[in-house]
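**Student:** Structure below; questions to follow.
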Amino acid sequence: RPAWPSLDARPLPPWFDRAKVGVFVHWGVFSVPAWGSEWFWWHWRGERDPRYERFVRSRFPPGTSYPELAALLSASDLRPRQWAQLFQRAGARYVVLTTKHHEGFTNWGSPRSWNWNSVDTGPHRDLVGELGEALRERNLHYGLYYSLMEWFNPLYLADKESGFKTQDFVLKKMMPELYDLVLKYKPDLIWSDGDWEAPDSYWNSTSFLAWLYNDSPVKDTVVVNDRWGRGCSCRHGGFYNCADKYQPGSLPGHKWEMCSSIDTLSWGYRSNMSLAEVMSEAAIIEELVRTVSLGGNYLLNVGPTKEGVIVPIFQERLLALGRWLDTNGEAIYETQPWRVQVENSTDTVWYTSKGPAVYAIFLLWPQDSVLKLCSPVPSPATRVTMLGYAGDLKWQEAPGKGLLIALPYVLPSLLTPQSGWALKLEGVM
């Protein structure tokens, strides 16, 4: 029924929890100025930030308006199959693309966004459709990000002026687009955003979700997040995002997802990004491990250029994550939180579990190559192995409680410092 108690009781389709790792893609007209962040238009025209005004004066002809920049979103180097291959090699099981950000430009030929979409202008291509085809060839789940609001849409601004008593924007623009996306592209996931200014009753969220779960072509498989109106985050919806880059301190009682960005200062591509502002491989793996140990999914963002290129530093980070998952994915994919998520004395040893097996993922190699684990209770049948290494590891009971595990001798390599190793513990409580 179109009411939160009924909608919230719907079981989450199991593919999402099993997937664990996704890639987020922020792409739009904001990729043309490629400066500041994906909120470029708002900082420039909404806030009249002098830094943005100076930037536009220095880069574009006098009198340039933001909508004119759409013609420069060329996607001339976009190869959707290359993207799909990269995301698969990164270890992603699902990919979420921005179909429309708060600027209102749609990355498909929306009939409700005349001349402000990727088919009528700019690339003259259906970006949502092309990427979807390429991902499905590789059996990757496809998610669509959609911003409910639009900063400068006159219909939205009029509804806002009325205190959201009118719904012209919702009925004429937003809802028809959401239905169009679902019917045309049959997404596995809808990642809603831009909801915070108005209550869910304005957005008609519950009626849309009831249709999505009862009658849509993806009713049995689709998952949604929790951004469906002011006050919904962390309370209503499918899985919870709660806030950008959300990290709970302990195991939440509800399935959740952490979204993070390789560029720590922006979700969209910035030409002025510096290396110091790019997440390191170690930081990415630490976020992933922490998130999955606490029952979450990890959605890692890249912003392509206006030409449709994922810049080499982003590719390098994604491929490093993929290499780590090639070795250690058994401790990540399809796992469940264990009874203990993190070793008490440290935040460098995290646990996951799968059936009777427990995985201890440690982020720092101990100096004496002996790892102490206090939480697992060993038995005579206990067996310890390391993912990526052949043979069993020697262990003994630690004084007091837990295990002391002798790690294999690893030659310290300055060329490829690894971040994180996973032990598989069998026969422990």
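Using the three backbone atoms N, Cα and C, a Cβ is placed for every residue, glycine included.
Straight from TrEMBL, here's the annotation block:
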DOMAIN    2-330  domain 'Glycoside hydrolase family 29 N-terminal'
DOMAIN    341-426  domain 'Alpha-L-fucosidase C-terminal'
SITE      CYS259  site 'May be important for catalysis'
**Student:** Let me know how many other Cβ atoms fall within 10 Å of the Cβ of CYS259 (site 'May be important for catalysis').
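**Tutor:** Around CYS259 (site 'May be important for catalysis'), other Cβ atoms within 10 Å: 21.
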**Student:** Can you break down the domain 'Alpha-L-fucosidase C-terminal' (341-426) into helix, strand and coil residue counts using DSSP?
**Tutor:** 0 helix, 35 strand, 51 coil
**Student:** Can you give the mean pLDDT for the domain 'Alpha-L-fucosidase C-terminal' (341-426), rounded to a whole number?
**Tutor:** 89
